[in-house]
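Participant: The domain 'BTB' annotation in Swiss-Prot covers 35-102. If you look up Swiss-Prot, you'll see 284-331 marked as repeat 'Kelch 1'. The repeat 'Kelch 2' annotation in Swiss-Prot covers 332-386. Feature annotation from Swiss-Prot assigns repeat 'Kelch 3' to 387-433. Under the heading repeat 'Kelch 4', Swiss-Prot lists 435-479. The repeat 'Kelch 5' annotation in Swiss-Prot covers 480-526. Look at Swiss-Prot and you will find 528-570 tagged as repeat 'Kelch 6'.
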Amino acid sequence: MDHTAPTYMLANLTHLHSEQLLQGLNLLRQHHELCDIILRVGDVKIHAHKVVLASISPYFKAMFTGNLSEKENSEVEFQCIDEAALQAIVEYAYTGTVFISQDTVESLLPAANLLQIKLVLKECCAFLESQLDPGNCIGISRFAETYGCHDLYLAATKFICQNFESVCQTEEFFELTHADLDEIVSNDCLNVATEETVFYALESWIKYDVQERQKYLAQLLNSVRLPLLSVKFLTRLYEANHLIRDDRTCKHLLNEALKYHFMPEHRLSHQTVLMTRPRCAPKVLCAVGGKSGLFACLDSVEMYFPQNDSWIGLAPLNIPRYEFGICVLDQKVFVIGGIETSVRPGMTVRKHENSVECWNPDTNTWTSLERMNESRSTLGVAVLAGEVFALGGYDGQSYLQSVEKYIPKIRQWQPVAPMTTTRSCFAAAVLDGMLYAIGGYGPAHMNSVERYDPSKDSWEMVAPMADKRIHFGVGVMLGFIFVVGGHNGVSHLSSIERYDPHQNQWTVCRPMKEPRTGVGAAVIDNYLYVVGGHSGSSYLNTVQKYDPISDTWLDSAGMIYCRCNFGLTAL
């Protein structure tokens with residue numbers, strides 16, 4: 001006998017034992033052996049063991065161990081649980097499996113909720129979430145709210161908001177109460193191309209039962225971001241809609257919206273700020289690539305969270321680059337063109353790119369997309385009507401005035417009308433359905449501004465900035481275009497100015513605390529974040545944010561890396 005061998009062992013038979021135990025208990029139940037409780041629903045009797053039911057349900061445990069009368073009874077009657085649902089739950093108690101379908105879930109979930117069987121309740125909610133579509137999401141949302149299924153309620157609400165344009169054409173939408181409708185259209189995350197969609201949805205809901213519902217018009221209209229509607233639309237609304245024209249409160253709301261367009265001093269009031277919050281407003285900043293030194297081209301990417309004033313690193317670019325364009329479309333970050341550098345023996349090679357990369361926040365990965373028709377660095381990029389526009393720039397030999405747009409549906413770049421002049425190192429912005437090309441170099445420093453009208457496929461000059469600028473930041477909020485920092489050909493700038501399209505006028509605002517060129521700028525919650533750049537003596541990672549209401553600057557947490565001539569966007 002080998003005395004070195006262990007004299008004992010611990011056999012782990014947990015899985016086999018559990019399986020055997022469940023099978024044995026289930027056989028006892030099926031044969032009505034050792035059963036000590038009968039659950040009765042109508043004329044149906046379900047035999048079971050108290051200890052098994054109590055082990056999976058706090059409800060049953062309280063019933064069989066507490067001071068309730070059922071403790072001593074051998075039969076309990078249920079009047080508020082569906083027979084098939086109770087059968088399914090008892091089956092689950094003995095087998096660990098439960099059948100969930102569209103036919104059973106509406107009775108099974110309330111039963112699991114009443115009996116406090118969390119695992120079954122969780123699976124029912126997961127099943128309903130997988131079944132969400134425009135025709136049932138409102139009903140599922142109500143169902144979840146009734147039974148306190150918080151996560152399912154949030155998922156259904158998110159689905160409603162993301163698919164609002166389809167949801168507002170369904171029967172469930174027209175059967176909403178005015179309070180439920182008001183809650184939906186007040187949501188900041190409503191996914192609509194324009195605020196007109198929200199108004200038309202409300203109008204359709206009211207016309208579904210106009211006699212009963214027209215009394216809610218003013219209350220509901222107050223949830224529409226009316227200042228985000230065009231002057232033309234607001235005017236036509238007043239002229240063509242007698243329900244609005246005949247209601248004093250509605251007329252007042254329309255007049256206030258028109259003031260926003262014609263009286264710019266009203267835009268900086270607190271109430272106007274609330275009424276002009278964009279739907280699906282950006283919540284985080286994304287800083288991409290750039291330079292951190294004379295020959296240091298970055299591929300790193302980082303994200304800023306205003307809630308806790310902090311930055312984290314993300315997946316790097318496929319190609320290190322700087323002086324590129326950046327934008328967000330369908331919650332994906334597009335990085336377009338720019339300069340790639342590579343080091344060869346005794347020299348640094350600069351390549352002007354026509355390549356495009358796209359970052360998916362769901363997977364934290366970068367993928368390549370279709371290349372532009374032309375190589376472009378120091379270009380302007382913006383999204384207009386669901387298409388990505390790439391403007392001007394420099395191809396390594398010439399300054400460009402050409403413009404092309406990327407159409408996601410056909411995955412192609414197509415040319416559009418060129419700008420009136422060549423521009424590089426400039427900024428592009430979209431406001432009120434128009435595309436602006438601002439400042440830049442071509443081949444002199446410029447303060448000129450031109451505007452593209454997509455309906456005419458043509459450009460026109462508008463009022464110039466006060467300062468000439470290259471490599472500056474731009475942001476749009478409260479109906480204004482803000483430009484900040486840059487270089488005027490002589491010195492680095494700390495100045496900021498805003499453009500009012502209705503007055504066709506630029507106004508100088510309070511300057512930054514320090515000058516910056518090659519700076520990034522983006523808007524979150526009506527703050528203009530100004531990030532990184534070069535001060536004239538050093539590369540920066542510092543961040544300031546501008547509050548247009550108080551015309552003041554505040555400090556925020558700095559980036560992980562110093563960056564200049566990089567991409568910054570909000571999403």
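Note that the numbers count up from 1, one per residue, in the order the chain is shown.
The backbone N, Cα and C atoms fix where each Cβ goes, glycine too.
Just so it is clear, the model here is predicted, and its values are computed rather than measured.
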Participant: Taking helix as H, G and I and strand as E and B in DSSP, count the residues of the domain 'BTB' (35-102) in helix, strand and coil.
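Facilitator: Breakdown, helix to coil: 31 helix, 13 strand, 24 coil.
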Participant: What residues in the same chain, six or more past the boundaries of the repeat 'Kelch 6' (528-570), come closer than 8 Å to it by Cβ-Cβ distance?
Facilitator: 268, 270, 273, 282-293, 298, 300, 302, 304, 306, 309-311, 313, 322-328, 333, 335, 471, 473, 475, 477-478, 480, 482, 484-485, 491-492, 496, 498, 509-510, 512-522
Participant: Limited to the repeat 'Kelch 4' (435-479), I'd like the whole-number average of pLDDT.
Facilitator: 96
Participant: With DSSP as the yardstick, break the repeat 'Kelch 1' (284-331) down into helix, strand and coil residue counts.
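Facilitator: So the repeat 'Kelch 1' (284-331) is made up of 0 helix, 22 strand, 26 coil.
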